[in-house]
Amino acid sequence: MMQALTMRSWLATLVTALLAVAIWPDPGQSLPQGAPETVCDTMLPFHSGGSVLPQNSVSPFSVETSSSTLGQGQTLRVDLTGVPAGLSFGGYMIQARNRNPPHQIIGQFGPARDGTIKLMNCENSVNNSATHSNAGPKQQVILEWQSPVDFLGQVVFNATIAQSYNEFWVGVPSQPVQIVRRDLSAAPPLPTQSPSAPAGTTRAPYVPPSYVAPNNVVAVSSDPIYNGCGQSKNCFGFPDGCVATKSCTSITVVTVRGDVFEFEIQSGKGTNAAYVAVGLSDDAKMGDDLTTECVPENGRVNLYSSLTSASPYSAVRSNVNQNSARLLDASIVDGVIYCRVQRDAVTNVQGRTFDLRNGKYHLLVASGSSLKENSVGYHDIGRLPSAQPINLAEVQDLSGSSRLLIQLHGAFMIAAWIGTTSLGIIFARYFKQTWVGSQSCGTDQWFAWHRLLMVTTWSLTVAAYVLIWVELKQAVWHAHSIIGLITVILCFIQPIGALFRPGPNDKKRPYFNWGHWLGGNLAHILGIVTIFFSVKLPKAELPEWMDWILVSFVVVHVLVHLIFSIGGMASERHLSQRANTFQMGDMSHHQQHAMRNGMSMERKMDAPYAGMRKGLLGVYGVVLILFVTVLILLVVLAPIEQFLGKS
């Protein structure tokens, strides 16, 4: 009898052990029936009795919502996916929580038709959380979530996602979703209210701090992004000085807490920005800058890191570690882009090290209205670098870098080589037989004007050359600078050569005339070519269509030369016909003497068609002033797109 009992006991133990092994979860799988309601508060899996801890690395999974704004009582699509797409996971748990205290669970999830979603009742409410109904591998989960009818404010979806039994991430957040009145979806969000359903005590370790993006009916002065500027955080935006007036077209805010570097970036209202970005630069010039871009795509704001290139302008994302920055918060409300980003203290990009703890950097704020494939477009809305490099941890008032010297350099060179040089050459070539007998400062009119215009060219060129050296503080070699240097050298040679001009009857005078003509025209041509090359310089920020204005000027200038040349030939023919009217051999001595006296008198008179030359000179002068004015305005107001966009 005792032996039979012992045998039954042994069999019972064996069966129990076998059953235990059969139902014991596979270490490579999540819990087959989903998360229990005992973890509603923590969302922390109790795998292997709690001995398996959540991963502390960046989650390879994301929580995406179909919209960043939702009306009360409306339905929202929520997607759980891997990054990159196709990465599978086994289990999950998700719930939406109020961004503001008390961080209670908000809304309800809808059941799946195929039964793949298990709904949970947390905090004495129904279906306000969801988990998996089976632990099989899945690449995407699509859920439907309905907002309460009595809640206004922002919610964040938090998820726990398990790739395997031993690998899971807790607190994977979505971007904030703004719950607004259903009948007034564009109205400003009211102070956050709790829904009527009772709320238990909850924790919120993974819910980002509160930030409500501004909208077009909230006063600019109430925008919280400006709070603490210059006191607890660095703020910089454009146009220059906009932080003080709280009216920035784009702004970045830098907050440093130990080794934590947070950047807030926001576009302005009514700018129609396609992106907003901030760069870290050693020299305040475009090129080799670490850039953080916030780009709205498919109803959500995405974060990208890139390295800029100066010529041609580009912001390249390849070979830049996209995990060097993490998106903590983002929204787009009424066209205003906002994101809050945490960057690593040290980032290595293509052999360059950006050390935010020890380095000093210029802040470059930029925004534009267009995107390229895998890149942002040109910053036509605006761009501004800070005047001085700063240690990001040192809070201070920042001002924009001045472009005055660059603008003066460009304006002086345009006035010199498009304006005064063009007119000076016209006087020297076509007006030696005009205003004959009239003098200024003891010299013929044509020479007085030619000398005045060329001295002005020399003065403007020297001043512009000095200004750009003061700005750059170093030699920069590219087509614009090399051809420009040759032009400056020729500009110096011309007046020096003029000091050694041979006399009118000197046998060397023709050689001087040809050399002076060649040097002057070569300098003029190279000066205009140099201006063409300036259009492509990123620091100039000139529009590409400025090339067509320059081409138009060249066409007009060549056409004027052609008309003057034809007029000159007609004048010479007229004089020749008058001289050949009588044959000298048929004249008496008295007649020949009278003829010579008549020709001598003609030399003291203007050549034929002087009125035409004067009239054409007046028209050309007016057109030249218009060209110079337009080109200087493009330089001084660069980038001109920001003004054209406001008109």
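Glycine too: its Cβ is placed from the backbone N, Cα and C atoms.
The feature transmembrane segment, as given by Swiss-Prot for the ranges 326-346, 515-535, sits at 515-535. With helix defined as DSSP H, G or I and strand as E or B, the domain 'DOMON' (245-368) counts 4 helix, 77 strand, 43 coil. The highest tally of CB pairs under 8 A with the transmembrane segment (515-535), across 408-428, 452-472, 480-500, 548-568, 616-636, is held by 480-500. Counting other Cβ atoms within 10 Å of each Cβ, the lowest count among the glycosylation sites ASN127, ASN158 belongs to ASN127. Rounded to a whole number, the distance between the Cα atoms of ASN158 (N-linked glycosylation site) and HIS450 (heme b 2 binding site) is 77 Å.
For the binding-site residues HIS450, HIS480, counting C-beta atoms within 10 A of each C-beta gives the highest total at HIS450. Of the listed binding-site residues, namely HIS409, HIS516, the sparsest Cβ surroundings within 10 Å are found at HIS516.
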